Amino acid sequence: ETTREKERGLGMALILSFFVFCFFFLCNRNRLKASREVESVDLPHCHLIKGIEAGSEDIDILPNGLAFFSVGLKFPGLHSFAPDKPGGILMMDLKEEKPRARELRISRGFDLASFNPHGISTFIDNDDTVYLFVVNHPEFKNTVEIFKFEEAENSLLHLKTVKHELLPSVNDITAVGPAHFYATNDHYFSDPFLKYLETYLNLHWANVVYYSPNEVKVVAEGFDSANGINISPDDKYIYVADILAHEIHVLEKHTNMNLTQLKVLELDTLVDNLSIDPSSGDIWVGCHPNGQKLFVYDPNNPPSSEVLRIQNILSEKPTVTTVYANNGSVLQGSSVASVYDGKLLIGTLYHRALYCEL
């Protein structure tokens, strides 16, 4: 009887494990929007940007029309079209009649061979100095690199590498000072296996951290997977994309740099990076309609792309418009959309980039 009880107990445990696995699998299918297909929404005046072949995960545009591209991101579990080529920063002058992307030189002493850029953000100081903040994953570690942009030389001068225990899995960043920023951690853990477990168990341990040379602190938490982050034109609000929860969080920024959540906008897509139109305050979002296609790459059924424009996010009923959508035949895995003076740039996690005139 003891043996029979053990067999029965083992059988029940296997059945329970099966149901637990199925439960989490079904939950994750929903989180990944694994069954969603996208209907094309085309823009008439678009072309692929020459020189970007292996991703342009994030884009940030200065008020003078200079656009910075973070290119060549490599990440465990993600496809790459150039696995052996280091990442870099490209620049495009959107005021040129026919803008083209050029790679920026980076000052000597910076480790270019392991450069693996992710989210980026610019900050213009009172003396007009332009700083570029770059989330970097050298050998899949987590740092934030601070550069000074030297426009005359088309180069970046490396100033500082930031590492901190409160920045274990940095995804994106929004600069609020010459050495000050908010950053999202898309996971609580830095270890790849623990990250997978954290996602699988849906722990909601991701957070937002404020960093300054004098103070580092967690200012918002409880996200499924905090991803894109940006700041409103009046500097009063921080916007955070929770990619696996399909949400954009609006948080009020206080004088002590703490954040208080005001509202959550729910969407039907995986929201990645957030860009702000400085003239209107509209939020432009690079989205993944189907996350499963993104993470399980099939060239015959590639990940699709989607760009949303969100107007009046602080109102009771914000307007959400699908500006662009493609099934992957042109653009695979859109991660960012940035606008400047009637021009739209769409970047991707590991594919090409698109230039459109609206």
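Cβ atoms here come from the backbone N, Cα and C positions, even for glycine.
Predicted automatically and left uncurated, TrEMBL annotations should be read as such.
Not measured: the values here are computed from a predicted model.
As recorded in TrEMBL:
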{"type": "ACT_SITE", "residues": "HIS118", "note": "active site, proton acceptor"}
{"type": "BINDING", "residues": "GLU57, ASP58, ILE120, ASN171, ASP172, ASN227, ASP272, ASN273", "note": "Ca(2+) binding site"}
{"type": "DISULFID", "residues": "CYS46-CYS356", "note": "disulfide bond"}
{"type": "CARBOHYD", "residues": "ASN273", "note": "N-linked glycosylation site"}
{"type": "CARBOHYD", "residues": "ASN327", "note": "N-linked glycosylation site"}
{"type": "TRANSMEM", "residues": "9-26", "note": "transmembrane segment"}
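The two recorded residues, CYS356 (disulfide bond) and ASN273 (Ca(2+) binding site), show a Cα separation of 18 Å. Most Cβ neighbours within 10 Å, among the recorded positions ASN171, ASN227, ASN273, ASN327: ASN273 holds that distinction in the structure as shown. Highest local Cβ density among the recorded positions CYS46, ILE120, CYS356 belongs to ILE120, counted as other Cβ atoms within 10 Å over all protein chains shown. For the Ca(2+) site, the Cβ centre of GLU57, ASP58, ILE120, ASN171, ASP172, ASN227, ASP272, ASN273 serves as reference, and the other residues of the chain with Cβ at most 8 Å from it are SER70, HIS118, GLY119, VAL135, GLY228, SER335, VAL336.
Ranked by CA distance from GLU57 (Ca(2+) binding site), the recorded positions CYS46, HIS118, ASN327 have HIS118 at the top as the closest.
Using a 10 angstroms CA-CA radius around ASN171 (Ca(2+) binding site), the recorded positions that qualify from CYS46, HIS118, ASN327 are HIS118. Cβ neighbours of ASP172 (Ca(2+) binding site) (same chain, under 8 Å, six or more residues apart in sequence): ASP58, HIS118, GLY119, SER121, VAL135, ALA183, THR184, ASN227, GLY228, ILE229, ASN273. The Cα of CYS46 (disulfide bond) lies closest to that of ASN327, out of the recorded positions ILE120, ASP272, ASN327. Within the same chain, residues at least six positions away from ASP272 (Ca(2+) binding site) with a Cβ under 8 Å of its Cβ are ASN227, GLY228, ALA241, ILE243, VAL285, GLY286, CYS287, HIS288, SER334, SER335, VAL336, LEU349. Neighbour counts of Cβ atoms within 10 Å were taken for the recorded positions GLU57, HIS118; the minimum is at HIS118. Cα separation, ILE120 (Ca(2+) binding site) to ASN327 (N-linked glycosylation site), rounded: 27 Å.
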